[in-house]
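Annotated features, as they stand in TrEMBL:
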DOMAIN    10-187  domain 'tRNA(Ile)-lysidine/2-thiocytidine synthase N-terminal'
BINDING   Ser15, Gly16, Gly17, Ala18, Asp19, Ser20  ATP binding site
Amino acid sequence: MININSNNNYLIGVSGGADSIFLLREVIKNKPKNLVVCHVNYNFRSDSNIDQSIVEKFCQENNLILEIKIVDTNFYQNMKENFEDWSRNLRYEFFVEMSKKYKINNLLIAHNKNDLVETFLIQEKRKALVSYFGLKKISNYKNLTVIRPLLNLTKSKILETLDRENVAYAIDSTNSDLKYLRNKIRSELKDNELDGYLQIIKEKNILLAEELQKAYFYANNNLTADELTLNQQINEYDIKMIQRIIFEYLKLINKETILQKRANNTSLEIAKRIKNSHKNFWSVNLGDQTLIKDYQKIYLLSVNNLRKESLIINSKDELHNLEEFINWLDLFNAIKKDQENYPYVVSNDYQIYQKNTFYNNKKTKDYFSEKKIPFKNRILKAVVYQKNHKKILNKIG
Ligand SMILES: Nc1ncnc2c1ncn2[C@@H]1O[C@H](COP(=O)(O)OP(=O)(O)OP(=O)(O)O)[C@@H](O)[C@H]1O
């Protein structure tokens, strides 16, 4: 019923449920060169051990290599994350570990046709930004090639076969939020609707691929030294497209994980600000990085770079303190040129010093806005002025 290249080696994720037991049976009929069964016992339900023993029994009877990861129940006491995400991560990290141990990169997973359509309906319901509708026949996770050979088979066909052949399998009794939504969708979805949905999914994926390509082109064409330029074209795009552009931009600079780890509305908030805010400067905190809009540029700065620092240099002996700032040499030279009339103030806290200092015979604040000095320069570079005269001595901008 399924086609597996018997010259290849495979890992297979087996929960003990109907789908994965069915897949395992089909796979061994194809006699692959090497097969390693991987099972995670989450110890989450009272009947978790039954699932494990079903897998163990099947593997013993068929002489298969079985690797089991048993989760320590103490984990659950301090769990802050969403269980679905956490358990998926743990499972996939276990598969990665086994792929290294056995030097096997192919991983078989037992999602079926119903799972594919249900995933799509959940995506629609959640209106989440996705890069693919439904489930892919082949995808990647780190070094793993994840293969889903059952996407053409309905759940009822799988159950019918197992029941006819009297095969034991486990029944999943968990009911997390996502499972709840999935179960609701599942109970309303009829077998005769599946193919219609598959057609819709196929068409939507074609349009989505075009959108993703457009977003990639924008990001790639407007990227200079890790900064994304926002040009006129961006105003013509809708919020969703701008969200995609931000994802593509982060991918290009190898920082995509910072948004992946966050709730979907973070990228939505960023896209809305890009579209609607007329401010020259704003920032969105993303953990240890901050995404900054600076006139027509978007870029990331690490939170460490955003530290505001002001200090007073009272004498020659304190000049070494300048080294805290990236433009320390510039500051040092300015003090020398000014013939060391201590005390000096050194600061990168531009929101404060711009109000009470002068540059080029202007209030610094006015100079900044007239010359459109990028905020990056204001944030990263410090200025130096005599404590009494308040005239900035180094070059700014
Ligand atoms: N405890 C487990 N041990 C090993 N493999 C598992 C386990 N749970 C799930 N799998 C594998 O993952 C497939 C999908 O499982 P399930 O439908 O429960 O998860 P999902 O949340 O829908 O999927 P995913 O998290 O992988 O997107 C199973 O058919 C099986 O191949």
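Cβ from N, Cα, C; glycine included.
Sequence features, as recorded in TrEMBL, placed on the structure.
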| residue | record | Cβ neighbours (10 Å) |
| --- | --- | --- |
| Ser15 | ATP binding site | 22 |
| Gly16 | ATP binding site | 25 |
| Gly17 | ATP binding site | 17 |
| Ala18 | ATP binding site | 22 |
| Asp19 | ATP binding site | 22 |
| Ser20 | ATP binding site | 23 |
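For the recorded site, Ser15 (ATP binding site), the DSSP three-state label reads coil. Listed in sequence order, the residues Val14, Ile21, Phe22, Ala110, Tyr169, Ala170, Asp172 complete the 8 Å Cβ shell around the ATP site centroid, once Ser15, Gly16, Gly17, Ala18, Asp19, Ser20 themselves are left out. Among the binding-site residues listed (Ser15, Gly16, Ala18, Asp19, Ser20), Ser15, Asp19, Ser20 have a CB atom closer than 6 Å to some atom of ligand 1, in sequence order. The predicted model assigns the domain 'tRNA(Ile)-lysidine/2-thiocytidine synthase N-terminal' (10-187) a mean pLDDT of 92.
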